[in-house]
Amino acid sequence: MNKDHKQSLPAVTLAAIGVVYGDIGTSPLYTLRECLAGHYGFGVERVAVFGFLSLIFWLLILIVSLKYLLFVMRADNAGEGGILTLMSLAGRNTGAKLTPVLVIIGLIGGSFFYGEVVITPAVSVMSAIEGLQIVAPSLQEFIVPLSVVVLTLLFFIQKKGTGSVGKLFAPVMLLWFLTLGVLGVRGIIYNPEVLYALNPKWAIAFFAEYRTVSFFALGAVVLAITGVEALYADMGHFGKLPIRIAWFSAVLPSLVLNYFGQGALLLSKPAAIKNPFFLLAPDWAMIPLLILATLATVIASQAVISGVFSLTRQAVRLGYMPPMRIIHTSEMEVGQIYIPFINWLLYIAVVLVIVSFEHSSNLAAAYGIAVTGTMVLTSILSCTVARKNWHLNLLIVSVLLLALLCLDVSMFAANALKIFSGGWLPLLLGFLMFIAMITWKSERFLLLRRIHEHGNSLEALIASLEKSPPVRVPGTAVFMSRAMNVIPFALLHNLKHNKVLHERVVLLTLRTEDAPFVHNVRRVTIEALSPTFWRVVASYGFKEAPDMEEIFHSCGLEGLSCRMMETSFFMSHESLILGKRPWYLMIRGKLFMVLSRNALRAPDQYLIPPNRVIELGTQIEI
C-alpha cells in the first residue's frame, strides 16, 4: 500500500486478502482432484483421501504458517520482501567469495518465478471455467475459447491500471473465502469422520501404504501451496501483521474447511472425483459459484501479473535486465505499474499454454516444479540472513536449514517426474530468463570496466580546461556519467567536435542502492570539482524510478540551480562490436548486443524532454 496513506489495520488486512492470497486461495479448485484422480491413479480409497488431506493440512501449517509467515517474513529489507530483496539482504554481510553464489541463487529463484507465472493464470482460469462441464456438459468444447477470452480481456486492461476495479478485489475474495468455508462445512456435516485426517498419523499411514508412489504424489500435494511466495513478495505493500492476520483469521480456516469438505464428499460419493469442488455445492448454487470462481481466478491472475511487473522493475533497477518502458498507472499507488513488453510476452505465452494443454489437469501435471525450486532457494537465502544479519547461533541455523531443506528438497524431488509431463516448460522459460539476466549483468559489468580502463582522468581534464578554457556558451550541460572518475564519452566527443562547453557542466551519476527506498535527505550529493564543474550523485532504491525534475529540485536546495528547459543533456549512444572470443562467449556477446539494441533509451528512461537531449555516438569493442 502507499506508505503516504496510512489505513486502519482491518482495511489493510481486507486488502491483503484481496491481493496476496489469490493464487493459494484458488487452489481448492483442482488440488484434491489432481491428488486422487490425476496421473498417480490413487482413486477414492479411504487411506488415500485421509492421507492427502493430512498432507495438505500439515503443508499449510509447516510451509505457509511456520516457514513463510513466521520465519521468512522476518527477513525484510526496509519492510520489503521478495526473492531479489532477500538476495540483496543476504549479500550485505557476506564475503566477496560468497556474494556471487547468493546472487546466482537469487537470480535462479527470480527466473523460476517467471517460468511458473506462465502456468498460474492458465490453470486457475481454466479450472474455474471447467465448472461448465457440471452445469452443462455440452459446453465442454467452449472451455478453452472462453479461457482465452477471459485472459485476453485481463491482459488488455493492464495498460488502464487496476485502481478502479482493484477496490472490488478484496470484497470478492472475502466472499470467495467465506464460500469456501461454507461449502466445506456443508460437506463435513455429512461425513464428520473426515476430521480425523487432522492427525498426522494419516500422512504416515499414507506413505506406509503406498510406499514409493506416495513420495511422488507429493508433486500433487504441492498444488495446495502454490502462490506461497506471494505472501513474502507482497509484504512491502501490506506489512507483516495484516498478512498474518488475514491468513490465520480467514484464509487458513477457509482452505482447511473446503479441502476437508471435498474429502467428506468423496468418501460419501466417490463419483464426485470428476470435480469435487463444484459438486460440493447444491445444484441451485452452481452458476453463481461458477461466476464467483471465475472472478476469483481472474483476481489471482491479476496478482501474479502485478508480481511479474514488480519483479521486472526490481531486476531492471538492480541492473539484471535492460531498461524497459515502465508506465505508472496510478497517481496514488506507487506500486501500480505496467510494463508493455512483459505484459504482451506473458500474454502470448499464456495463450499458447492454454491452447496446447487444453485441460487444467494437464497443466496441473506441469505445475509446481518451479515453485518448489524457489522454496529451496528461499530457505538457503533466509537462513543466510539469519546467520549473517541476525547473528543467530550457527548450530541453530544449521538445524533449521537442514529441517527446511528436508521438506523443500523432498517436494522438489517429488516434482521431478513432472518434467516429462510438461514441467519442462516452466524450467525452460526460467532457464532462458536466467541466461538473459546473467548475460546482461556480466556483460554490462565488463563493458563498464573496459570504459573505466580506457578512460582518461577526469581531474586532469578539468585542470586542463581551467588553464586553457574553450569557448563557453550560456546555460547548463548535464553529462550522464557511469564511472565517477572517468571522463564521459559524450563530454570528450562534444569537445572534439563542437570545441565548446557550457558555462556550467554537471556530471550526473545515478546509483541504485540495495534498499527498496532512499530517503529524500540522502537523495542527492553535490561536489564542486571546479568553479564550472560539478559532480552530482543521485541515489535511488530498487523500487524507485529516477526522476530528473526531483533531482534538479534537490540540486536547487543545495545551491546548484538547474532548470529543465535551460539545460542540455549530452548522452553517449554506444555502438557495440564483438571482439575475438571463444564460441560460447561469442553467443553471450551477441545476446547482449540484441538486448542492448532493444533497451529503452536513456532520454525515455529518465523522462527527459527530447528537445533537450543531444546524443553523441561512440563505438566500443566488447
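Here, residue 1 is simply the first one shown, and the rest follow in order.
Cβ from N, Cα, C; glycine included.
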From 99-119, 309-329, 519-539, the residue range that Swiss-Prot assigns the feature transmembrane segment: 99-119
The annotated transmembrane segment range in Swiss-Prot, which must be one of 9-29, 30-50, 471-491: 9-29
Annotated stretches the transmembrane segment (52-72) and the transmembrane segment (137-157) touching (3 or more Cβ pairs under 8 Å): no
Contact set, same chain, for the transmembrane segment (9-29): CB under 8 Å, 6 or more residues outside the stretch: 1, 64, 120, 124, 127-128, 166, 169-174, 176-177, 180, 223-228, 230-231, 234, 237-239, 241-243, 245-247, 249-251, 254-255, 258-259, 262, 277, 293, 296-297, 299-304, 306, 360
Candidate ranges 213-233, 247-267, 276-296, 363-383, 394-414 - greatest C-beta contact count to the transmembrane segment (99-119) (under 8 angstroms): 363-383
In contact by Cβ distance (the transmembrane segment (363-383), the transmembrane segment (213-233); 3 or more pairs under 8 Å): yes
Same-chain residues at least 6 beyond the ends of the transmembrane segment (165-185) whose Cβ lies under 8 Å from its Cβ atoms: 14-15, 17-19, 21-22, 25-26, 28, 157, 250-251, 253-262, 280-281, 289, 292-293, 295-296, 299, 302, 336
Best-contacting stretch, by C-beta pairs under 8 Å, relative to the transmembrane segment (363-383) and drawn from 247-267, 276-296, 337-357, 394-414, 419-439: 394-414
